[in-house]
Every structure is written in structure tokens, then in C-alpha cells.
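Undergrad: I have a structure I would like to understand better, so I am pasting it below and will then ask my questions one at a time.
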Amino acid sequence: MQLLHLYQIRRLDKMAHSKFWQLEFAIWLHIFARTIIGIFVPILLLQIGYTLGQVMLYYFLFTGINVPLNFLAKAIVQKIGARYVMMLSTLASLLFFVGLYLLTPNSWILFLITIIFAAIYDAFYFVSHIYLFIKSEDSARSQKDTSLLYIVKMGAALIGPIIGAIILILTNRHVLIVASAFFFALSILPLFHLKNLPDKPTRKTPSFKKFFKEKIDRQNFLSFAFFTIHRAAEGILWPLFIYTIFSSIQSVAYIPIIISLTVILFSYLMGKSQKYRKENLIIFGSLLIGLIWLLRLLTVSTPIYYFSIFLVSLLSLLVTIPLDSDIFARAKKISTLNTATYRNASSMLIQFLLFGILALVTNIFQVGFVITILTLLVLLLINYVTIKTIKA
């Protein structure tokens, strides 16, 4: 909470003469609503009666549908503005909750409809809100502001899963779905007061070829895409793995709490890491995270399972903050909207491949963990080659 207050103090003068605090409040509410239920969605699918393989099918379809929707979101932002696209994403999330509330085993049409609304929500929200965030920030402060954004997000993300777990323990999944939907609906309200927010591109977006003509941009997006495999494994596979072992919601609820506390404590310090090369941080972080995944694969130990969450959360900052900071800073020079679009589309495309494989195998966790280790190795090599090229 002290770092949250620090964030507010640092931004107070900037926000006092603008309405941008309303956007940040809307995002805070949105993240709070998302984290109440987010980590529990795959668990809820298991509780409804779907198998682990069918949960992988859910994410395979979700990511596959998501990819083209990012480009639709981009077109709509150009037409009506990012603020309205954020509103549309929230409406899609509410329809997703209706589907999830009514979902029963083997109701495949409703299963698909629910996935479609989840994909619309994700694509529309991440394209619009990342676009608005990049547009609002001074590129000279991008790394520091990126770390502060994570603090604000993690403040909401810390409270959300605690409340979500309490609701699930004391009531049932239907109450959890309604509670999350309520806060999603609430997050729309601040957006109505942002009528003068500059939320449309003022110039034509460059072509795909022109956007990626610089090697640094190709490296950044490849690195981001490969690191997304780890994010998917940590955010979906690992909670499922913990749940299948302990069969309790409480065991899963500890995961986002550990992650949030770690990020709040260390992300601001990471914002001061400009003196280190981005590639060196990514190499170091991806190497150690890969070793932790290997330890998880080979070890059967509850303390290690939970302590590894803390270590992975901490080490992920070495990759996430410098990488996102560089992507956001570059976005102001080339195209903010293209950056927001390609960032989420590349993330979904590589996850589509991951969940496509996992939907076909029986030993889902072992295969998923091995793929995660291999992609972290690829991430390491991409950045190692970059450093060698620069030195040469």
C-alpha cells in the first residue's frame, strides 16, 4: 500500500489538471474484477465437469479466435476511438459471464459462444487499454512508469483473488461470477467522463513490413511472444497443476497473492534498472526461470512449489519490465496502435500453438513444462545473439 501511495503522489500533479485519473481508476476496477475470477476460470471449468483436455481445448479455441479479433479491435479504434472499444470489451465480458454462469457439461454450443465472448473481451480490452496507456506516458519515463503501472495493477490483483477465493469457499461459482460481472460493469462508468480523451490515431498506421523494418522491433516482439509461453504456463497450467494435487480453492488462491506481493515489493526497484542492458536482464531472468521450471518438473515438494512462485514472480520482472518498457518507448516512434495490436496478437498466436499441442496429449503438465523450458531457452538465445551482434 505504501508504494501505491507513492504512485499516487508522483502522479498527483500530472493528473490534477486532467481527467486521466478516471481512465486509471477504470483500469483499476477492471483489473480488480478480472482478478476476482481470472485465475479460477480453468478451475471452474473443471468443477463444472469438463476434463483437463477439454480445458486445453477451451484455451486453444480462445487464443485462435482471439488473434484476428485484435485486428478488428484496431480497425474499430481507428473508427470510433479506444474509449468506446474499452466499453465494448466490458460488454463482451458481461456476456461471457452469462455463458459461464449457464454452462453445463457437454453443452458445446454454449461452450463455443462463451469462448467467443471471452476472446472479444480480451482482444478489445488489451488493444484499447495498452494503446491509451502508451499514448498517455512520457517516453523518457517509460521504464519507471511501466513499473509504476505494474504496482497499480498488482494492488488490484492482490485484493481480487483473495476476495474471489473467499467467495468460492463460502458460497459457490455462481456468486463469484455475479460479483466479478458487477465490478466489470462498474468499470464502464468512469469512461463516460472521458469524452475529450485523445483516443484515436492522428496519422496513418504503417504497414506490417514497415513496422518491423528495424531489427530491435523484431527482437522485442519475438522476445515478448516467447515469454508469453511462460506467462501462460504460470497463469493457467501451474494453477491447474496445484489444484489437481491439492483439490482445494485455497491452494490456488495463494498463487496470485504471492505474485502480487512480490511484484508490488520489487517492481518499483526494477523501474530504476536502466543502467543494465535490456538483453542482459532478459538472459539472466529467462535462464533462472527455466531452471526453476526444470526443478518443478523433477521435484515433488509442496514448499518448493509455492516458494518457486515467489522466485518466478521476482525473476519475471527482469524480463517483463525492460522488455515492455522498450516496446512502449518504441511505440511512440513508430505506431502506438500497431504496437498494442501486434503485442496482443503475437501473444495469442504463440499460445494458440501451445494449447493446440496440449489439447492433443495426455501428459499435459509434463509436456507444457518442457515446452516452457524450451521457449525460455529460445528467448535467451535471441537476446544472446543480439548482444553478440552489437559487440561485433
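FYI, residue positions are counted from 1 along the chain as it appears here.
Using N, Cα and C of the backbone, Cβ positions are placed for all residues, glycine too.
Heads up, TrEMBL stuff is auto-annotated, nobody curated it.
For reference, TrEMBL lists these features for the protein:
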type	residues	note
TRANSMEM	21-45	transmembrane segment
TRANSMEM	57-77	transmembrane segment
TRANSMEM	84-102	transmembrane segment
TRANSMEM	108-127	transmembrane segment
TRANSMEM	148-169	transmembrane segment
TRANSMEM	175-194	transmembrane segment
TRANSMEM	221-246	transmembrane segment
TRANSMEM	252-269	transmembrane segment
TRANSMEM	281-298	transmembrane segment
TRANSMEM	304-323	transmembrane segment
TRANSMEM	344-361	transmembrane segment
TRANSMEM	367-387	transmembrane segment
Undergrad: In the same chain, which residue numbers or ranges, 6 or more beyond the ends of the transmembrane segment (175-194), come under 8 angstroms Cβ to Cβ?
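TA: For the transmembrane segment (175-194), the sequence-distant neighbours (Cβ-Cβ under 8 Å, at least 6 residues beyond its ends) are 19, 22-23, 25-27, 29-30, 32-34, 36-37, 40, 44, 83, 86-87, 90, 93-94, 97, 100-101, 163-164, 167-168.
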Undergrad: Any contact between the transmembrane segment (21-45) and the transmembrane segment (344-361), i.e. 3 or more CB pairs below 8 Å with pairs at least 6 residues apart?
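TA: Counting Cβ pairs under 8 Å, fewer than 3, so no.
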Undergrad: Do the transmembrane segment (281-298) and the transmembrane segment (344-361) come close, with at least three CB pairs under 8 A (pairs 6 or more apart in sequence)?
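TA: No; fewer than 3 Cβ pairs under 8 Å.
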Undergrad: Out of 57-77, 108-127, 221-246, 344-361, what stretch is closest in contact terms to the transmembrane segment (367-387), meaning most Cβ pairs under 8 angstroms?
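TA: The stretch I would name here is 221-246.
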Undergrad: Have the transmembrane segment (108-127) and the transmembrane segment (57-77) got at least three CB pairs under 8 Å, pairs 6 or more apart in sequence?
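TA: The answer is yes, given that the two segments have at least 3 Cβ pairs within the 8 Å cut-off.
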